[in-house]
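Asks: Dumping the structure here so I can ask a few things about it.
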Amino acid sequence: MMSKTRRWPKALSRIVLIVITALTAFPFLWLFVLSFKTDTEILNSPFSLPESISFSNYERALHTLPLIKMFGNTLFVAVFALAISLVCTFMLSYAITRLQFKSKRLQNGLYLLFVAGLTIPPYIVIFPTYRMIVSMGLLGNRASLILPLAATTMALGVLLMVGFLRDFPKEIEEAAIIDGCNIYQMCTRVVLPVIKPVLATVIIFNVLYFWNEYPISSVLVNDPKMMTISLGASMFRGRYSMDYSGMIAATVIIIIPQLLFYLLFQKHIVEGMTAGAVKG
């Protein structure tokens, strides 16, 4: 009787996981099915199977999208935004966990101020960001996209790094100082090698964010030569019409690389997310 009672929670948890997985995977599967339909089929019978399998939508998408140029722009923006974000995030996280503040309330308040950025939707900051970029004379420059993207990714990095550094033994750093290390040597030779799992997680999440980011890019990028990969689907939208089938095929093309990237590095994500939970 006890064994049957214990099986129920396991069976229920599996059912819940299956349902959540199905709900998560359905939009991607539906999008993939729609990519083989014509505009007429998409509008008239969106939930039915395509009448025939044709790759014409993908051919049109590949012909329309300047993938190499857009991938190059995305890579350029991601590299510089990631470098700025990681440096600032690490210095801020280290300062919050190691510097002596006048009060604990000030220290926690500074931490919560940055982490609160996770609760702010990107659409809210579009207008003030645009005004700041224009006032600095950066509109039309790649820096107009690099700086906002670097700033918007710091909140998650601070959350993960501070959580890990708070559990990192200070005695190790004190021993490094006794051995003659200065603050820069201690950070690069002692702290950074230890927080590699967290750094890997932050890098992976940031790269996926840079690949997907649309609201800020759609406002700040006004030069077709500077378009990132996330703006590719908008090229199928005309003034009075919209190429639905081409847009959906382009969306699938844009999604596939990031799915492969996530599947390839998902192990590092789990390690980084759980690293801060290990005491000592």
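Cβ atoms are placed via backbone N, Cα and C, with glycine included.
TrEMBL: automatically predicted annotations, no manual curation.
Here's the feature list from TrEMBL:
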- 12-33: transmembrane segment (TRANSMEM)
- 71-265: domain 'ABC transmembrane type-1' (DOMAIN)
- 75-97: transmembrane segment (TRANSMEM)
- 109-133: transmembrane segment (TRANSMEM)
- 145-165: transmembrane segment (TRANSMEM)
- 186-211: transmembrane segment (TRANSMEM)
- 244-265: transmembrane segment (TRANSMEM)
Asks: Quick check for me: are there 3+ Cβ pairs below 8 Å between the transmembrane segment (186-211) and the transmembrane segment (75-97), leaving out pairs under 6 residues apart?
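Replies: Result for the transmembrane segment (186-211) with the transmembrane segment (75-97) is yes.
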Asks: To the transmembrane segment (109-133), which of 12-33, 75-97, 145-165, 244-265 is linked by the most Cβ pairs under 8 Å?
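Replies: Checked against 12-33, 75-97, 145-165, 244-265; highest Cβ contact count belongs to 145-165.
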Asks: At a C-beta cut-off of under 8 Å, are there same-chain residues at least 6 beyond the transmembrane segment (12-33) that contact it? List them, or none.
Replies: 47, 49-50, 248, 251-252, 255
